[in-house]
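Colleague: Submitted below is the structure of interest, expressed as structure tokens.
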Amino acid sequence: MPKVDGVTETGTQRPLVGRVRRWLRVLRDDLWTVRADPLPPSTWLRWLPHGVLCLVAFGVTVGAVAQLNDNGGAGLQVAFAIGLAQGGAVVLALWRPVPGWWLSMGAMVAGAVEVRRHLLAGVVHDFTWPWTSAGIIGQMAVLLLLSLRVRTRVSVATLALTVLVTYIIQGLWGAGGYVPTGVLATILSAVVVVLGVALRGRREARAELVEQTTLTAEERARRTLLEERSRIARELHDVVAHHMSVISIQAQVAPHLVENPPEELKENLDGIRQNALEALTELRRVLGVLRSEHPEGADALDEPGTGAAPHTPQPTLDRLDALVDNTRAAGLDVVVEVNGERKPLPPGVELSAYRIVQEALSNALRHAPGATARVGLRHTPFGLSVQVVNSRPTHPAPPSPGVGHGLLGMRERVAMLDGSMTAHPLPDGGFKVMAFLPATPDATVPDAAAADTKAPGPAAAGPAAPDGAARTANNPKKDTA
Amino acid sequence: MTSSPIRVLIADDQQMVRQGFTVLLNTKPDIDVIGQAVDGLDAVAQVAELAPDVVLMDIRMPELGGIEATRRITTATPHIKVLVLTTFDLDEYVYEALRAGASGFLLKDASVDQLAEAVRVVAAGDALLAPGITRRLISEFSRLDNRPRAPLKDRVGDLTERETEVLALIAQGLSNAEIAERLVVAEQTVKTHVGRILVKLGLRDRTQAAVFAYESGLVRPSGY
């Protein structure tokens, strides 16, 4: 309808008014604002000090040339050469402080010698000697640049030499009818060097602190890794030791189960028992080492409140329901989805899968309050795919130390079992942990795949798991929407 | 000791272990396995029902762990002794079990003779089981344990000098006979002392007395 209006005579006015109004509104939005818009850090700003010092160098050059030529009686070429050297010394000191200092000193000596000639000849009176004021400024700039960067010893040496040369020229050699600048130059140089050394010391201290902080962080990460490894090792040794003691019991029981056991059988069983006992002794030794390094930490999700977690056997996937119940009780909404036909898995795989789920849920509890978590287990002929996804937290999590600690442990476990793992944030603000644990270290046994045709999903080796996992990964988004 | 056999209940979540211990202990004429429990709750229930002399208790069990089960059993029926079965001897959970009221502990891979002997010792109650290791265990973990124990020291003051001496020797793992020899008195006298110590301190057996001795600071964890 409005388009039809636009064709009529009166209609042409209205779009114009409307356009003007729109423009005014845009203009108002653009200009009537106090929106903060800080200048982004730019690379060329880094060169600002260099620019300022180049200006100083230019001033020193011009000043020195003027002083030497007009008041000092030096020829224009000589004055120009000396002034250029003094200004150039400042620029040079930006990159090479010590040569810059030498240049500045040389120019000062040359200027002093040249002017002294005219002073003694009586041509020049009341000239600032041996340092010109431009020369003092140049020398101060050079000494500052130098003392900011080189070691204190070098700064002190250059200052001492500056004073010494000044003293030799003014105090020992001398001239007549001049305004002495030696003391002023000495004082100003000393002030600048002290300032430079102090600033440099502070900067170095800060750099050292940063370095130490980095080192500490690295050290902590390394220690965390080692702790995780020893924790994993302890758990696994624990499982092995448990099995070993059952073997020793069974070997002892077996001869009692038959009427008159033959001597060979008894001997054999006794051998089994002795070996089991020896293995146990060794295991206890290893575990003693592992335990003494890292006292058992309570697993928050195992048995909340009672602290009785360590009194239960090392967990397997059978205890997943209890874990999920505990997590729910702790305030996280958890959905569990198990796919595929469950087969007996090696104890290490079961334990690791349990621990991965536990750690992921614990992380979700800590870092994603109010979120929904989805635990997906998928049994394939080749192993077990574990996936834990949590949705976006409904409110920000309180800061907690030890972030990434749990992920580290998961990675270690997965790596130990020749599995694979990914953990990353999701675009919607959630987090996803996905791991595949092969049923055996050698996961690609074709016979096993052929024998087990009942398992749903593609029977095409390892990728089956990530494939299936990726599919379920999208679900939590739907849930939270 | 040719009276009625010692009645034993076995609590372990693994059937192999339960059956194994049953077969092994039943080979001994003076020991009679009267029941098996599959977890801590079951153990507590069966103890109430069967009233055994000794319970062989696994520490790690689902539902209710062995330590809590021990606590419940020894609180409800102090005369029933608990012998904790463990894969690891120097373990803080074993210490916890002793604190919870267990009379002793035994490695699961112990031989049938050690197993039977442990049951007998715990049932009789006149010696500490595996004195060396028990002492080490208690001394090691009582040192790490920093729970409040203020009233303990006062209670030592209730003991006579002789009784304090006897308590220290119990804590070192000596049996009644050994203590009698050391103090040059009759074994019966030692028994009387031990009985009085337990009554005065409100303890149920000498294992608890040993734990007490270390925790109260009467015996210092050193010199082993």
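Numbering starts at 1 and runs along the chain as displayed.
Heads up, the Cβ atoms here are built off N, Cα and C, so glycines get one too.
So TrEMBL lists these for the protein:
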TRANSMEM  A:47-66  transmembrane segment
TRANSMEM  A:78-95  transmembrane segment
TRANSMEM  A:129-147  transmembrane segment
TRANSMEM  A:154-173  transmembrane segment
TRANSMEM  A:179-199  transmembrane segment
REGION    A:296-315  region 'Disordered'
DOMAIN    A:349-440  domain 'Histidine kinase/HSP90-like ATPase'
COMPBIAS  A:447-473  compositional bias 'Low complexity'
REGION    A:447-481  region 'Disordered'
Colleague: Going along the chain, which residues at least six beyond the ends of the transmembrane segment (A:47-66) come within the CB cut-off of under 8 Å?
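Modeller: Sequence-distant neighbours of the transmembrane segment (A:47-66): 76, 79-80, 82-84, 86-91, 94, 107, 111, 132-135, 137-138, 141, 145.
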Colleague: Using DSSP, break the domain 'Histidine kinase/HSP90-like ATPase' (A:349-440) down into helix, strand and coil residues and give each count.
Modeller: 31 helix, 31 strand, 30 coil
Colleague: So what's the average pLDDT for the domain 'Histidine kinase/HSP90-like ATPase' (A:349-440)?
Modeller: 82
Colleague: Grab the same-chain neighbours of the transmembrane segment (A:154-173) for me: Cβ-Cβ under 8 Å, and only residues 6 or more beyond its ends, written as numbers and ranges.
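Modeller: The answer is 98, 101, 105, 108-109, 112, 116, 129-131, 139, 143, 146-147, 180, 182, 185-186, 189-190, 193, 196-197.
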